[in-house]
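One structure is given below, encoded as structure tokens.
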Amino acid sequence: MSFMFRCCCRPFLKGGDDGSRPYYDQLGVHRECSTEDIKRAYKKKSLELHPDKLAQRGQVLTVEDQSRFQRVKEAYEVLVDPKRRDMYDEFGETGLKLIEDPQSMDPQTAFSNFMRSSSYDRCAIFSTLVGVTAFVLLWPVLLCLQADKTIHIPWTAIWTPLWVCDAFLLFILWFMVFLGRRSPAEGLEEEWRDDLPARVLNAVQLSCNVLFQVFLTLKLDKVVPWDWSRIFAPWLAWEGIQLFRNLTVTSTGGGPTPFATSAEEGVLLRAMAVRQAMLGLQHGVLRIVFCALAILRLDEKIRVTWWVVFTPLWLFFATQFVGICVEYALAKRLQEGLIAAATATAAERGGSVMDPETGEVELGPEEAMIQEQTELMASRASMLACQAAIVLVMALLGVARIEGAHFSVFLVFLPVFVIVGCFTCSLGCAVCCVRDADGIMDGENRPLNPGAGGQGTASATSIGTNPSVAASMVRDSGEGHVEAGSGGSQQDLPEGRSSSHKTGSKVRKEGGTPYRPPAPLPSSSQEGPKTASGNDSQGWGGGQERR
């Protein structure tokens, strides 16, 4: 878990600090020092920078002196603690503060840190993403191979990825149960209701789910000779608990809403809870009917096709699509009503409701808020319709395969593979390709090769070997010379216009390699061109000088 956290979160946490000196420099120690060295360094710095010591020496205290001592004290408190020191070494000062106080994390800052992250951190995130995706797809791949009789291994081994997830979730939920009762939040003592019963029910329901998986794999491996009613018993127990919870919510009118900021919001939250509970009751009844039909069909007590057994599922999809269509139509009617009302109001006032810039209808603050809510309703309905359509296609293919259709089971899970694959590729491209826009703009606006003292020079690697281009750039700059890369040529202006001889004793860097500017050309009274002898002051790597 620690490795996963570092791979995924380090690029978002480790960013540029506020420009202050690192903690090790504040104390005057190196990164590999021991805790005792840190304590001795802090004691020495305290004697030097403590406000009382400064006052004893007759110095006038300033805000800068107090800030320096606070920085030293802060550095000592972090470095003397081994855990905080490790986090500081891994994520830096900014990352340490974000880990210790997650509420102070600004999403924009985290994204900016990620854009400035190194290639190593990006590769770590991408590798983790690929590993998680492979683990998620491992179970359906093994299931398809086993169903197609490509492999022959026990079903309990096929379920290994799910066993790992189930064990992790069971540990978390039962750990939350054993935490016991929680103290009420400050200011909510009157409306506070402990959620321990809900935590217990969540853990019990998950245990029933895992127990059903255990019974199912044992039955498929023919380890137990039970009938299918015993196999489905944990599932039916889960459904019974879920029905009880939904009935409790509907009977209490939605239950308490301690986190509602107003009475109107509390009424709205309770109404939404009751609506969700009613939908849960309907879906629960359909699932129970499906379980009963599946048990009877598997035990061969009824002889019907699997298309009939899945009738509750078809009814579920029918109700889903009807509800989605109603919600989408309602959202569109609300939008049309808002636009019509705004148009009528503007017509009465003799004005126009069209925005001259966007060409859209202008709405008031309240109408704009309602318009935004209706757009969210429409987009939510569209998203639910897509999800239901994908699940419906998978269900139709699955039932057809059970009834004896001759195609691979991989075709049933093809929508899952396509969606997960596209999502992984898109996210991988985003992780590897996104860059800091500020850094890119800085690189674009940076001069080609700024010379010392503001002298204009241009690199021949940027302008090529075209003499006319080089000459035009020199004329535009009005000063300096054109520097050629290794093995290239160099052209100097007449001595009266060139200022490069003034900086002949200075060593400048280009691309991280130190070099000296070429010596001025000989005067016209000297003999013809000389071939460079390899001296840095005469030329670069066998290049020739021309007048």
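Every residue, even glycine, has its Cβ placed from backbone N, Cα and C.
Curation does not apply to TrEMBL; its annotations are automatic.
Values in this document were obtained by computation on a predicted structure and should not be read as measured data.
Among the residue ranges 345-364, 445-464, the one that TrEMBL annotates as region 'Disordered' is 445-464. The largest share of C-beta pairs under 8 angstroms with the transmembrane segment (157-180) comes from 124-145, of the ranges 124-145, 279-298, 381-402, 408-434. Listed stretches 124-145, 279-298, 381-402 were compared with the transmembrane segment (408-434); the greatest number of C-beta pairs under 8 angstroms is found for 124-145.
Confidence across the domain 'J' (22-92), taken as the mean pLDDT and rounded to a whole number, stands at 86.
Distant neighbours of the transmembrane segment (381-402): 147, 306-307, 310, 313, 317, 320-321, 324-325, 327-328, 331, 409, 411-413, 415-416, 419; these residues of the same chain sit at least 6 beyond its ends, with a Cβ under 8 Å from one of its Cβ atoms. Outside the transmembrane segment (279-298), and at least 6 residues removed from its termini, the chain residues within Cβ reach (under 8 Å) are 228-229, 232, 235-236, 239, 242-243, 245-247, 250, 304, 306, 308-313, 315-316, 319.
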